[in-house]
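Pulled from Swiss-Prot, these are the features on record:
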type	residues	note
ACT_SITE	Ser1253	active site, nucleophile
ACT_SITE	Asp1371	active site, proton acceptor
BINDING	681-800	nucleoside 3',5'-cyclic phosphate 1 binding site
BINDING	841-961	nucleoside 3',5'-cyclic phosphate 2 binding site
COMPBIAS	370-382	compositional bias 'Basic residues'
DOMAIN	1220-1384	domain 'PNPLA'
REGION	309-384	region 'Disordered'
REGION	524-545	region 'Disordered'
REGION	1502-1523	region 'Disordered'
MOTIF	1251-1255	motif 'GXSXG'
TOPO_DOM	1-66	topological domain 'Cytoplasmic'
TOPO_DOM	88-109	topological domain 'Lumenal'
TOPO_DOM	131-1523	topological domain 'Cytoplasmic'
Amino acid sequence: MADGVTLVDSTGLHSFSSSPSLSTSSSSLTAVALSLATSASAVTASYSISHLPPPPLPPVPTTMAGWIGWVFSFFFQVIPSVLYWVITFSTITLPTWLFTLFSMSLTFTMNFTTLLLIVLAMVSTISWFIRYRFLNMYSRLPPEPQRKEPQVDLFPDVQEGDSKPGLANYLDEFLSAIKVFGYLERPVFHELTRTMQTRKLIAGETLMLEEEKGFCLVVDGLVQIFVKSMRDGKSDTDEELHHLGAESSDEEHHIDGKQGYQLLTEVKNGASMSSLFSILSLFTEDIQLRENESSGSSSSSIALRAARVPNSIPTSPRGVMDSPSLGFQDHSDDTSNMITNGDLPSVPPLHLGESHTPPSGDQHHQQHHESRKHSSRKRRKSVHPDIVARAMVDTTIAIIPASAFRRLTRVYPRATAHIVQVILTRLQRVTFATAHSYLGLSNEVLGIEKQMTKFTTYDLPNNMRGAALDRLKDKFIKERDRLGSEEVTKGIALHNPSAGRRRRSSSFLRKDAALQVKMMTPRRAATVVTPESAPAEHDTYGVSPGDLLSTIQSSRFGPRYEQPPAKLQSPLAEKENTHFRLPAMQARHTFRRQDTMDEDALFRECILDCIMKGIGLTSSTRDALRKSSHSGDASPKLLSYDSRRQKAIFTNNAFGFIDPYEGSGDGETESLMSMSVTSAGGTSPVINLREELRNDIEIVYFPKGSVLVEQGERHPGLYYVIDGFLDVGVPIVEKGEDLVGVSKPAASKESFPTLKRTTTANSIGAGGTAANDSRRRKQSRKSLYLIKPGGIQGYVGAVASYRSYTDVVAKTDVYVGFLPRASLERIAERYPIALLTLAKRLTSILPRLLLHIDFALEWLQVNAGQVIYHQGDESDAIYLVLNGRLRSVLESPGNKLAVIGEYGQGESVGELEVMTESTRPATLHAIRDTELAKFPRSLFNSLAQEHPGITIQVSKLIAQRMRDLVERPVTEKGVERSNAGGVQTATSTVNLRTVGILPVTAGVPVVEFGNRLLHALHQVGVTNGVTSLNQAAILNHLGRHAFSKMGKLKLSQYLADLEEKYGMVLYIADTNVSSPWTQTCITQADCILLVGLAESSPSIGEYERFLLGMKTTARKELVLLHSERYCPPGLTRRWLKNRVWINGGHHHIQMAFRLTAEPSHPETKRFGTVLKQRVQVLQAEIQKYTSRRIRQTPLYSAQSPFKGDFHRLARRLCGRAVGLVLGGGGARGIAHVGVIKALEEAGIPVDIIGGTSIGSFIGALYARDADVVPMYGRAKKFAGRMGSMWRFALDLTYPTVSYTTGHEFNRGIFKTFGDSQIEDFWLEFYCNTTNISKSRPEYHSSGYVWRYVRASMSLAGLIPPICDEGSMLLDGGYIDNLTVDHMKGLGADVIFAVDVGSIDDNTPQVYGDSLSGFWSVFNRWNPFSSCPNPPTLSEIQARLAYVSSIDNLERAKNIPGCLYMRPPIDGYGTLEFGKFDEIYQVGYAFGKQFLEKLKTEGSLPLPEETEEKKKLQRTMAPRRASI
């Protein structure tokens, strides 16, 4: 019976027979039962044995003996029991259990159906696991929601004023008022304010501003400024104003009743009551308008003055010949006596009338008043006539008298010139720009330049005409015949052999001049002028042919160099021929070589001579200013200066101007206060400008029709017309002339920063489009006036650095002398009389209308973050941005802030609410320190009554503004509702003038980055050029005290001038984080670029903490520098996660850089250090070839110099970005791949990509690597997946929501993009979707790529909507299939829009008022039916879904800058992905043909030549074709 278990299979496996039968005898069954019982008992026995509890431990003893016994007991009793239990369990119990388990026999019975179901269940389980656990990785990605844009920074406005004590408040108001003078050094400030007076005006008291000879400002109170209406007729306003002043009660009633007076403006605390023109008149009272203005009476006055020379001054003919034609000179000799005693001379009133004998005592003042009254009949009585001020409340005003300005002109002439330069600049940027571009007063502004020609026209001498001019023309004619017509249009310049010597820096010239002064010291002893030798010397000077003016002046009386010198003895003749003298020996030497002088050089010298006289460098002004310097200071040192200058002036000063005007050798770094001190000894090195300027003169020939100056550009220099005529005119807009008869002032294509309306279009036309529009505009122009031979073109613009309001075209073949602007700047810097003369001429010819506008316009300085007005405030003024940047913020319920717009230099804000007298719709605050022109509503009302044309002009501007609001893209209207985050208004990227480059942390190569960006901006072509600033450049220009408390004023003025001069300024923060320069870079920036190394730690850097502490509201953008053109997935998100203040987007830039900067003082290298560095180099080389990143580098890159990352960033900053918009259309979107390849081959860069549906897929592929090759491969692979019917069939589901589950579609997109995020794309990218939960469009620029591309491609019914933060997203084409509006809002200037959507069937339907479905089916299959097939239910639903999309598409086609492309792909269906190659070739062929057509038409947006190249072509390129 022991063998009872043999019935079990020997292998121990279970038998699965279908019907086993076991037949045994009863004895055998008994034996089996007995054996089972035996086994059971054995098991029970073993179980009981193995589960016996271990023996109990002996009790714990309490004594030492007990402890020892207890230990022995433990070892001999417990341990053997444990060992016995372990052995029993392992040898008996465990084998018994195993034997019993394997001895059991089980039997299962099943049929085939059951077996098949089991197999299907197993397969289903495995497929479910693979599909939803392995292939479903895209649904298990960590959640990365779209990045929310930070709230607008709007810091609370600091209220200033009443909280300060009286004296501090008084000083603040006074300082804010005199800011109009620009930077004032301490001695200049004291000189200007030491004679200041204050007056108290009671409420209702009137003040005749015509009688107040000084600068008036309101310290405390409120003053209204009234102007006499011109409608009452022009009468003797002087007497009327005197009468009004005598009867204040009548005046009050007169003004209140609006009888003949109109309110101009209201002046509050800290504002000036004087206009800019009145300030200029105070500085320029002693300046002569034209040289020969008073020459008729000069001889008598010279003789009388010569008889009055006091004995204390050496009687030399110099004194006789220096006598001016100004009445001011009558008192200079008297005041020189006072200098010896140290007394301050009394400053008499000055005038520009005829010369007269100086009276004495009270008779002097009476005669002087009569003289002024007599001379005033020839010109305006006052610079501010018919202006009356009335105090509304008790008011305190401060008056700086005119005598302070006259004294300042004498003591600190260079400081005076600086102030005049500042005022002239503000005059152009405030008054002229407002009148010309905003109010449409072009005739008045352009008339100033026309009237200026009467002061600047000087004919060439007779001997330079006739045969000499014919010989000059012959040279040009021969050269013109030799060159082609294409080269001649650039102009032909006469060869100047001395031109090579002029290209030297000013520092070298200063050194040469100083060396020349030292070497000429022995010669001076021989040329000292004594009273005895003076007549002979002057004879020599009178006939010196090397003089700048002697040749011209002598030519008026015939060829003077042929006459004997003895004939030049009359004082008048001597005066006429002593304008600019050379040193005596040099004069004699040049006289001897007169006969051999080159004719071309003589032409240049004569042209320079006429230009000098034209800009005011004449003998009269020179002598007057020199004489005035005698009384310029009370210092006794100037007595020796007076005696020495009689000797030194001949050999040390080529022009004979007063020494305080010369200054020190380095005028850039010396302070203004040191000018008169440095020159007191007469030993300052003076550069002989004469030779320099003569070499700078170019004689250029321009054929008929050549453009010398384009409208809006900065004047290249002065053009002196030798022969021919120049036509000065303005372009006429093709849409029709304005009612005021001028060109459209708010034209968005004008390149100069004039006042214009804020539009979504950039102020600068990009590339070929701007050039093409410019060419079209030039076809129709309005001629204003002609410049005849002897005239100067560009006087006002070139001397004062204005931009041209006109263009200048050669009316005939014209020969001109050209003096570059740089030479004029040198003249203005060394001889301030040029600026003063310009200011005097401007004040003399100013129209009355411009004067009143200038009176009412208020110049404001606003600090960064300061609120100009709040939402809901009363609208009292229009604000024009002169310098800086403003932001308009809408405060919605719930304290949510939304940016409405940003306004840069030249733009205006507030017209709509001012004209409609409504409250402010939004809060306006300054992004950075800003200069504004405040245009009060009272001025507009006054101008509207006098000049209705102004009302028409502003009304047209408001109408255009309203039209822009109505036609604003849907995308911008829904900015605050969209969760796209990255959406910005179109104005936020337009008209950026300053860009700050700030490192995230120390060690970032910002200097190299800034230099590369500067180079890219130069190549892209920023209008008016671009420059960069770092701390070294500032210190070199302003000295080491540039960042001191006083130096900041000078620094701010210098930076404002740079921003006016250049189109863009880069501020590079190359100093440590706490330096003043870093703070300046932050406060001056419209946009801040935070530059970081992508591979370094993304933690917050110290510069960012400093930036946050500054509380700046400027735009902030993140720039990540990559050593290779690859961005790992998720890297950008880590950088942006903690930087909520990045509100302007981010950029990926490839730039090779050194991670560790080289030490300035490298230590001596040891052997170990060298070995370690060598190992690191080898590791880097090996890693370069073994890294996975090498496989991500681009495979294909077009050979285009403008496709670099820095060029892309440059285009974004200057508003010339190129956008690519790809529409949806299913398989037809494969044509996008071909179009993009055609763009690549044409060299057209793409900066921003936006797509819808299949366009978002193709666009994302291109934006990821900015490469065509990987895009082509991935797109073809995806098309293969989509073309598989098996995948579509396997994805079918019960159509409750859609026909498919969407899994295969998701898989195809996810396999293409992986876990990449939109932020990691190399190019900026967005896609649009339709949010059916909130019924709005959404634009996505962050988050996982596959999700939003999948959402943008989700066709309703075919694929289920994708869920995003609780909302359901569908295909973006339902609302907008071609997102040109949104692309324009992102700042793209040129947009390529590729439309591949299906064309709607617009066949007319005539099936009647009711329709039978059976007839519809029959009609569809009836080939003989003439009735069109009615649309099916699905077609009607589809058309209903795309209703709004069609409307947006039609509007997109008409957006300026949009190049609409429609490839011929109508024959392909939406799901025909299998025809990839065919559709691709169609798109490629169409793209090449379309771009070739644009290139032929000249409208292809390729980068055009830069502004510098244009200037070079116009002025310097002729040198290549020189004779």
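Each Cβ is built from the backbone N, Cα and C atoms, and glycine gets one as well.
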Contacting positions for the motif 'GXSXG' (1251-1255) when only residues 6+ beyond its ends and CB under 8 Å are counted:
1221-1230, 1232, 1325, 1327-1328, 1352-1353, 1355, 1371-1373, 1376-1379, 1394, 1396
Taking each of the recorded positions Asp696, Asp873, Asp1371 in turn and counting other Cβ atoms within 10 Å of its Cβ, which one has the fewest?
Asp873
Given Ser1253 (active site, nucleophile) and Asp873 (nucleoside 3',5'-cyclic phosphate 2 binding site), what distance in Å do their CA atoms have, once rounded to a whole number?
46
Which residues in the same chain, at least 6 apart in sequence, have a Cβ under 8 Å from the Cβ of Arg937 (nucleoside 3',5'-cyclic phosphate 2 binding site)?
Ser875, Asp876, Ala877, Ile878, Val914
What is the interatomic distance between the Cα atoms of Gln953 (nucleoside 3',5'-cyclic phosphate 2 binding site) and the residue listed as 'active site, proton acceptor', given in whole Å?
45
Measure from the Cα of Leu857 (nucleoside 3',5'-cyclic phosphate 2 binding site) to the Cα of every one of the recorded positions Asp696, Gln711, Leu726, Leu786, Asp1371, then give the nearest.
Gln711
Have a look at the recorded positions Arg841, Val889, Gln905, Pro921, Asp1371 and say which one has the shortest Cα distance to Gln711 (nucleoside 3',5'-cyclic phosphate 1 binding site).
Gln905
Arg841 (nucleoside 3',5'-cyclic phosphate 2 binding site) and Asp696 (nucleoside 3',5'-cyclic phosphate 1 binding site), Cα-Cα, nearest whole angstrom:
26
Among the recorded positions listed here (Leu726, Leu786, Asp1371), which has the Cα closest to the Cα of Val889 (nucleoside 3',5'-cyclic phosphate 2 binding site)?
Asp1371
Candidate nearest Asp1371 (active site, proton acceptor) in space, where candidates are the binding-site residues Leu786, Asp873, Gln905, Pro921 and distance is Cα-Cα:
Pro921
Per-residue pLDDT averaged over the topological domain 'Cytoplasmic' (1-66), given as an integer:
50
Within a 10 Å radius of its Cβ, which of these binding-site residues (Leu726, Leu786, Leu857, Val889) has the fewest neighbouring Cβ atoms?
Leu786
Rounded to the nearest Å - Cα separation of Gln905 (nucleoside 3',5'-cyclic phosphate 2 binding site) and Leu726 (nucleoside 3',5'-cyclic phosphate 1 binding site):
32
Mind giving me a neighbour count for Arg841 (nucleoside 3',5'-cyclic phosphate 2 binding site)? Other Cβ atoms within 10 Å of its Cβ, every protein chain shown.
25
Under 8 Å by Cβ from Pro921 (nucleoside 3',5'-cyclic phosphate 2 binding site), counting only residues of that chain that are 6 or more apart:
Gln871, Leu890, Ile900, Glu913
I'd like the per-state residue tally for the motif 'GXSXG' (1251-1255) from DSSP, helix first, then strand, then coil.
2 helix, 1 strand, 2 coil
Across the topological domain 'Lumenal' (88-109), what are the DSSP residue counts per state (helix, strand, coil)?
15 helix, 0 strand, 7 coil
